[in-house]
Ligand SMILES: Nc1ncnc2c1ncn2[C@@H]1O[C@H](COP(=O)(O)OP(=O)(O)O)[C@@H](O)[C@H]1O
Ligand SMILES: O=C(O)C1=C[C@@H](OP(=O)(O)O)[C@@H](O)[C@H](O)C1
Ligand SMILES: [Mg+2]
């Protein structure tokens with residue numbers, strides 16, 4: 001079977017990378033992988049356990065290794081929100097395909113996420129949501145090939161918006177690098 005370019009979803013926790021990623025993979029007949037699951041399987045620990053045992057910087061380091069080593073053509077790849085801290089990892093993902101930033105405002109994310117402190121976000125202790133949002137926003141923008149604004153959209157509307165912004169199928173359907 002021909003290898004196709006992958007689609008890589010980046011964005012803040014709660015932006016919809018994992019949930020929309022599955023729907024997108026089904027729509028495009030691609031495989032789906034969530035790099036959070038790859039990390040957990042490699043470490044045989046949950047993300048929360050990794051952070052509790054060795055800290056958020058170690059989780060980011062492991063995430064960087066996992067995404068730098070990922071060989072995943074013809075996939076929709078949902079990353080964790082902290083993937084953008086790894087330059088090497090993002091370079092590899094960019095080689096695999098199109099990077100899509102699911103952009104939500106801080107207000108929208110606040111409406112979706114009610115467990116900011118306990119969700120296992122890889123952030124410095126005490127860092128506020130607003131500070132983390134600002135720090136990350138710059139990185140998501142830097143890496144994005146496409147930005148999909150998700151505020152106020154239902155899941156289906158966000159999926160439709162994403163599909164309409166993707167490069168057309170013939171461009172998508174070339175051989176993977
Ligand atoms: N338009 C939307 N698109 C994606 N998720 C949405 C939307 N509206 C509400 N949600 C909710 O936001 C959450 C997104 O979570 P998730 O997919 O795990 O995000 P991420 O993987 O980016 O952290 C889910 O609980 C989902 O039901
Ligand atoms: O943004 C973050 O720091 C993180 C986001 C999580 O993934 P989601 O973005 O899919 O929630 C997960 O990788 C980990 O808990 C760290
Ligand atoms: Mg996720």
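Placed from the backbone N, Cα and C atoms, the Cβ positions cover glycine too.
Residue 17 (ATP binding site) falls within a helical segment according to DSSP. A sphere of 10 angstroms centred on the C-beta of residue 17 (ATP binding site) encloses 27 other C-beta atoms. Residues or ranges marked as ATP binding site in TrEMBL: 14, 15, 16, 17, 18, 19, 119.
Within the same chain, the residues at least 6 positions away from residue 18 (ATP binding site) whose Cβ sits under 8 Å from its Cβ are 34, 36, 78, listed in sequence order. Residues or ranges marked as Mg(2+) binding site by TrEMBL: 18.
Within the same chain, the residues at least 6 positions away from residue 136 (substrate binding site) whose Cβ sits under 8 Å from its Cβ are 12, 81, 84, listed in sequence order. The feature substrate binding site is assigned by TrEMBL to 36, 60, 81, 136.
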For a quick check of understanding: given the listed ATP-binding residues 14, 15, 16, 17, 18, 19, 119, what is the maximum Cα-Cα distance in angstrom, as an integer?
16
Take the C-alpha atoms of residue 16 (ATP binding site) and residue 60 (substrate binding site) and report the distance between them in angstrom, rounded.
20
In Å, how long is the longest CA to CA span across 36, 60, 81, 136, which the record gives as the substrate binders?
18
Which of these binding-site residues is closest to residue 60 (substrate binding site) if you go by CA atoms: 14, 15, 19, 119?
119
